[in-house]
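K.L.:
So TrEMBL says this about it:
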SIGNAL    1-22  signal peptide
DOMAIN    40-307  domain 'CN hydrolase'
ACT_SITE  E80  active site, proton acceptor
ACT_SITE  K179  active site, proton donor
ACT_SITE  C212  active site, nucleophile
Amino acid sequence: MLPSQALLPAVVFALAALQALASDTFLAAVYEHAVILPQLTHEPVSHSDALALMNKNMDVLEGAIKEAAQKGARIIVTPEDGVYGWLFTRESIYPYLEYVPDPVVDWIPCTDPSRFGPAPVQERISCMARNNSIYVVANIGDKKPCNSSDPECPSDGRYQYNTDVVFDPQGKLVARYHKYNLFVTERQFNYPKEAEVVTFETPFGKFGIFTCFDILFHDPAVVLVSKMQVDTVLFPTAWMNVLPFLTAIEFHSAWAMGMRVNVLAANTHNKSMEMTGSGIYSPAGARAYFYNMETEDGHLLIAELDVHPRLSPATPPAVTWNSYALSVERLSQNDHEFSGIIFEEHFTFTELTKPEGNLTLCQKDLCCHLNYKMAEKRDDEVYVLGVFDGLHIVEGRYYMQVCALLKCLSTNLSSCGDSVETAQTEFEMFSLSGTFGTSYVFPEVLYSGVQLAPGEFEVLSDGRLMSKTKPTKPIIAVALFGRCYERD
C-alpha cells in the first residue's frame, strides 16, 4: 500500500536523511532576492495590506525554493529583509510582525497555523519547506509582549526583533535567532538582552545562524565557530557594498576562509542601494557566488559543500597570521609615504613606484610587508600599499587592522582609497603579510569587475597571502582584514 498523502513529506525527509548520512557532501542553495518594497510611510498599513506585500515576495521565494529542491539542494538561505523590505519606523513595521515561539515548542505551522495566534507568514514558509522537503532559512519580524514588571519594556508594550527562522523538511520550526548587532538604521527593532548562540543539527552537519552586521563582531559570530564548532554558518544579509575590502562577496568569502567554516550568504538585490553579492563559501574559497550591479533580477545559487569542512583535505592548514611579517626587518620611511581615507578611516599609504620590489609600511602596532612584481608597469594606473590600525566608529565601533594592496581610482594619489571596480594591471606575483595582533584575519583578493579569485591564491601557515597563478588577472585589491575584537 502506498503511504497516504499526509505521510509523504515525512517519508521523503527520512529518505533524504539516510542519503545525507551516507555522503560526505551536500548541496546547498542561496537566493539573492530583488525585494518588492512597500511604499514609504510613517503610518502603519493594515494587516491585510502588509500580508499582501509579503505574499508577493514569498511568491518569488517559493519559486526559488522549489527550483532549489528539484535540483537536489538540502537547504536554502533567503536574504535579510527578504519578506517585507526596509525603511520602516517602529510603528510602521508592526503590521508585518508575527509572534515567533521558541523552537522547543515542537511546532509545524503548516499543519497547526493558529497555535500561537495568527501566523500566515510562518505558515507559508513552513509549507514551502514541507512541500519541497528542504530546510528553509528566512528573515522575518518577531513581536514579544512585555509589561511594566520588565523595567526595559518599551513604552508601547512590546519588543520587536529582526529574526531569522529555520524550518526543516517536515515544516517544523527548528531554529529562531534575534539579530544582536543592529545596523544604525534599524531603529524599528530592539536589541536582544544578550547575544543568542543558535545551532541545530542536521543529517549533513551542525549549523549556526546570525544576520548581516553580526559577522563583524565577536558575539555571536566567533562564538558559533570557535566554541560551538559549527560546520556551516547560515547568513541572511542586506549588505551595502563598500570597496575596496568590505564588498559582500569579498569579505564573506574571506570570513569563511579565515574562520575555516562553510558560509551560506544570501543578500538582497537592490542596485540603487548597491546591494548585491551572495555566495556559497568553503574554507578553501568560493564554491559559487553572484555579484551583479547591471540588472534588477534575483539569482539562485547551488553548490556542493563538505559536511565537515575542518576534516576535508581541501581545507588549508591553520595559520599563524603574524609569523612571517614579524621576521621581516622594518625598513625606514620612504619618500612615497602619504595619508589617505578609506571608509572614513585614515590609512597610511606608500606608492608602488617600481615594477617590482619589497615594501614595509607601518601604522601604530601594525606593519605590512609586500613583495611584488607587476607583469607590466603601466603609466595610467597607480597602486599603493596601505595600512590601518585603529577603531572604526562610523556605523558601529569595531577595531580593525588592515594590510592592503590597492589600485587607486586615478593617477592622482588623492584618489587612493576611493571605490574602484576595474583595472588592467596584472602581477607576476604578490606576497602580503602583516604583524597582526589578532588570530582573526580574513584574506581577500578582488579582480577587475569585482570578481573573486577562487583557487588562484593561497595563505601559507606563516601568514603570507600569495598569488598562485602567473600572471594574475587584473587586480583591484589584495587585503588582509584583521579584527581585534578585544579592542572594541
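Using N, Cα and C of the backbone, Cβ positions are placed for all residues, glycine too.
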K.L.:
In sequence order, what residues of the same chain, 6+ apart, have a Cβ less than 8 Å from the Cβ of C212 (active site, nucleophile)?
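P.N.:
Long-range Cβ contacts: E80, K179, F183, F235, P236, T237, A238, W239.
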K.L.:
Across all chains shown, how many C-beta atoms besides its own are within 10 angstroms of the C-beta of the residue listed as 'active site, proton acceptor'?
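P.N.:
Its Cβ has 26 other Cβ atoms within 10 Å.
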K.L.:
So for K179 (active site, proton donor), how many other CB atoms are inside 10 Å of its CB?
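P.N.:
K179 (active site, proton donor): 26 neighbouring Cβ atoms within 10 Å.
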